[in-house]
Amino acid sequence: MLWTLLGVMVITLLLGFPMMIPLIAGPLIMILFFMDGLEPTIMIQQMAEGISSYVLIAVPLFIFAADIMTSGRTSQKLLDFVGAFVRHLSGGYAITTAAACTMFGSISGSTQATVVAIGKPMRQRLLKAGYKDSSAIALIINASDVALLIPPSIGMIIYALVADASVGDLFIAGIGPGVLIFIFFAAYAFIHAKIFNIPLAPKADWKERRSVFIKALMPLGFPVIIVGGIYTGQFTPTEAAGISVLYALILEVFVFRSIKLKEIPDIALSSGIVTSAVFVLVAGGQAFSWVISFARIPTMLTDAVIPADPTALQVLVIVAVFFFIGCMFVDPIVVILILTPIFAPVATMAGVDPIHLGVVIVFQAALGSATPPFGVDIFTASAVFNKSYLDVIRGTPPYIVILLLTSVLVIVFEDISLFLLNLF
Amino acid sequence: MTFGNVIYRLVTGSSWHFAAEISRLSVIVASFIGISYAARKGRHISMSAFFDLSPRPVKKALAIIIPFVTAIVLFAVGYFAVLYTHGIYESGRTTAALQFPFWLMVVAIPIGCFLGGIQFLRNMWINIVNKEIYLAQDKKDYSEQQETQI
Amino acid sequence: ACGGNDDGADNGNTDTGNNGDNGEAAGDIEPQEWRFVVEETQGQVQYEYAQEFADLVDEKSGGALDIDVYEFGALGSEVDQVEQLTQGIVEFAIISPGFTGTLVPEGNIFALQFLFTDDQETNQEILNESEAINEQLVPLYEEQGILPLAFWTEGAMQWTGNSPLQTPDDFQGFQMRTQESPLILESYEAYGANPTAMSWGELYTGLQQGAVDGQENPIFFIADANFNEVQDYMTISNHNMYVTMTTVNPDFYNGLDEEVQQIIDESVEEMRERGFEIQEEQNNEFLSQIEDDEDNPTEITELSEEERDAFRELALPVRDYFRENGGDQAEEILDTLEQEIEDMSGEDIGAGESGDDAEDEVDNENSNNDMNEDEDDEE
Ligand code: NA
Ligand code: NA
C-alpha cells in the first residue's frame, strides 16, 4: 500500500507531470483501491481544508502587494537605500537578504509570504549585484524557512501544547540555534562572494546615503507599518498583508504615479495565477497527509524503529530523521501534531530535555520544508519567480549542508538551545 | 476585506467577523478556477528534468500523454467534488458568521477541476495537430521558443 | 484504564461490576475495528476519555471490539471530523456543539453564559438527566447524522485577561477573543466588550502582542496552551461550562447486534462519572500549576454571587436572542432547560424573567432591529 503510494508519486513526479498530480493521484489511488468503504469525497473535504487556514490568506495578499511594488518604484527605492549601506561589503546583499527573510518570516508566521514579500524585490538586486539566480533563490528559500525557529514561531506554539512545555522557554531556546544558522549563512555569503568574485560597488558616502534615505522615506513606511503593526498588536499578519496591498497601491498609483489604475487588473490576474499554482499544491498536500494519517502510517513506521531502551542521543537522532523526512512531504504543523505525541514520552524516558527536544523538532521541520521534493516554499519560489522547479532547487545544496551541520551541532550540544535559559 | 477589517477595528474597536469567511471563499475560488488558466499559460509547477533531457520523439509522446492523464485525474477529482458539494447542499449547512449556504464555499472545486481538465485536453490536442512541442497552449517548449524567457 | 474500571464498579452499578470481572463471557462477538476521533491532543481530557472508553469496550467484548483513537490534527479540523462521522468514515467522535452550530443551531444553547449553576457536579447531573437535552435536543442531531450518546462537561469556562475582569465595567472596550459563534459574540457585546474571533493557533501570539486582551477556556486548556504565560489575571468566573458530546454514527450504531450495542451503552454510562473525574483532576492539577508558576505570575480571583448576578442580568437578553435566532426548537428547549436547572439546583437562574410573554418579545424584536441598524450605519 505504502509502496504503491510512493511509486505513483515518484513516477509521475519524475516524468514531469504537473506537481499537483502526484499529490492528488497518490491519495486518490490509495482511497479507491486500498481503503475499503472509504468515499473519495473525503479528499475534496481535505483539499478545501488545506487552503482554509486564516494564516494562509496572507500569502495571496503579499503576492499582490509585491507584484505592485516591483512593477512600480517602491521596491527600487527601498533597495537603493539598503544598497547604499551594504553594496561595498563582500556578501553584503546576501547577508542583508538573509536577515530580512528571517526577520520577516518570524513576524509574519508564513514562510511562503516571506519568499514573496522579501524574496521578490531582493532577488532582483542580488541578480544585479552579480549573483547567480540559483544561489539567490536558494538563499531566499532557506533564510525564510529558518524563520520557523525564530519567535513568534507557530511551530513552537503547537509543540508546546502537544508536549506540555512552556512556549516562552521554547522561544528563548530557539534564539541560539537561529543565531548560529544566521552566522553560518553570513559566513557562507562572505566566502561565496569572494570565491565567485561578486563585484563590489564603491562605498556610498554619507551624502548619497542621505539622498537615498529621503527618496526611500515613503517606501520605508512599508516595513515600519508592517513590522511595527504586528509587534505592537495593531493587526495580525493577515491584516498586515491587506494593509501592505493598500499601501503599495497608494504609493504606486497616486504618489509615484508609476502604475496606471487600468494596469491593476492585469497585475491582479498574474498574482492570481501564482496563488493558484501554489495553493492547489497545498490542497493536494493536505489530502495526502490525511490519507497517511488515517492509514496510521506514521505510527507503523515509528513503532518499527524505536529501540527498546534508547539513549538520549539515539532518540534525538531518530526524531531528527523522522521530522526531517516527514516535513519534506507534509506540512510541518501536521507533522508536529502527529509525531510529537509518539516521540515525546520516549524522549522523556531517555532523559532528553523537553525544551531541547522541541528545538530539535522545529529545527528539522524548518529544514525539511526547505528540502525537495515537496517543500511548499520551493513551489512558491517556482511560481513567483516563474522559474522551473530544477532551477529553483539547483542552488540549495550548500544551504542544506549548512543546516544539516548546524542540526548535528544542536543535537549533540544541547547547550546551544538551553544556555540562554540557564542564564536566567 | 482584511484591510477593511483593520480600519474598522481601529476606528470602532469592533471586528467584521465575516472577513475571514469572504477571504477563505476567495482563496478557494482563485485556487481552483486558476487551474485552467495556469494550465493554458503553462504555469503549473513540475519537475521537468527527465522531460528536458529526453530526445524529441519521447518529448512529443510525453507532451501528449501527460496532459491527457492529468485531464483524467482532474475529471475524476471533479466528479468526486460534485458528489461532495451535493452532499453539503443536502445537509443544508451554512457558514458560521455570514450564514450563507456552505456549498457555495466549495462549488468552485468541481467547476475548477472540470475547466482545468478541459484545458489540459486542449494542451494535448495542440500537440497532436502541430509539429512543434507545446508545454501548454500558450507556451512552446523552451528549446523551441524564439523569444527569450523572462 | 484499570482505575477507570474500578471506579465504574464502585458506583454501585451491579451490571458493570459483573462485566468488568469476566470479559470472556462475550466470546461470540465478531471482531471489529472502529475509529474514534477527538478534538484534542493526547493527554487532554477528550483524548483520555476516548482512550478509557476504548479500553472499557475492549475489556467488555473480550478483546473483540478494537477502537483506535485519533488525536486532533490527524484527520483535519473539528468541522471536518463532524462530516467524517456523518459519512461513517469514523464510527465514534467527540463533538462539541459549538462546532455544529450551523447544522443544529439549537445546540448553541451551551454558549449561553450564567445559565447553568457554578457547581459543576450539579451541572453534570443536569446534563445527564435533562429532558430538554436528552429528549428534545438529541433528535435534532440525529436528523443530521449525529447520534449523541452522552453530554458531558470538560470543566467550567474561566476568563483570563491582561487586566482584571471582575465586573461588567472591566469589559468596556476589552478585546475578547472568542470562538466564531454569533451567540458568544453577542454575549460579550452585551458586557460592553469587543469580541474578536481568532483561531487558537494564533491566540498565544495575539495575547502576547496585545492584538487581543483576553480569552475564555477551561483551566486545563489555558494551562496546556500556556496562555497563562502571556496573561496577568485569571477570573474563576464559571460563566458557563465547556460541554461536549460522545457521538456515534447512527446508521452504524443501529446496524449493530443488540449485544454489541449494550456494551457501548454500558461503557458510555460508566464513562459519565469517569469523564467528570478526568476533567476535575486535570482542571485541579492545572490550576495549581498556574498558581505555582512563579516565572509567569497570574493573579487569580473568583466571582462572588453578587458579581455573578450583575453579569447574569446583562446576559439575560442574550437568551432572548437565542430564542429567536437559535433555530425552530430553541425557545421550547431553553424554556424547558431553564425550568429544569431551577428545579434541580434550587437556585434562581432567571428563568422566565424575560422573553416569555408576547409583550417582551415585541420589545426585544425592536431592540434587535435597532442594533442591526446601528451596525449597518457603522459599516
Ligand atoms: Na516564526
Ligand atoms: Na514540505
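Backbone N, Cα and C atoms are what each Cβ position is placed from, and that goes for glycine too.
Quick caveat, the model's predicted, so the values are computed rather than measured.
Annotated features, as they stand in TrEMBL:
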- A:6-34: transmembrane segment (TRANSMEM)
- A:6-415: domain 'TRAP C4-dicarboxylate transport system permease DctM subunit' (DOMAIN)
- A:54-72: transmembrane segment (TRANSMEM)
- A:92-118: transmembrane segment (TRANSMEM)
- A:139-162: transmembrane segment (TRANSMEM)
- A:168-191: transmembrane segment (TRANSMEM)
- A:212-232: transmembrane segment (TRANSMEM)
- A:238-256: transmembrane segment (TRANSMEM)
- A:268-292: transmembrane segment (TRANSMEM)
- A:312-339: transmembrane segment (TRANSMEM)
- A:399-421: transmembrane segment (TRANSMEM)
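The transmembrane segment (A:238-256) makes no contact with the transmembrane segment (A:268-292): fewer than 3 of their CB pairs lie within 8 A, with pairs spaced 6 or more apart in sequence. Ranked by number of Cβ pairs under 8 Å to the transmembrane segment (A:168-191), the listed stretches A:54-72, A:212-232, A:399-421 are led by A:399-421. Within the chain carrying the transmembrane segment (A:268-292), a Cβ under 8 angstroms from the stretch's Cβ atoms is held by residues 5, 19-20, 23-24, 26-27, 30-31, 35, 42-43, 46-51, 56, 59-60, 63-64, 67, 112, 298, 329-331, 334, 374, 376, 379-380, 383-384, all 6 or more beyond its ends. Remote same-chain residues near the transmembrane segment (A:54-72) are listed as 108-110, 112-113, 116-117, 120-121, 124, 154, 219, 222, 237-238, 240-242, 244-245, 247-249, 251-252, 256, 258-259, 263-264, 267-268, 270-272, 274-275, 278-279, 282, 380, 384 (criterion: CB distance under 8 Å, separation of at least six residues from the stretch ends).
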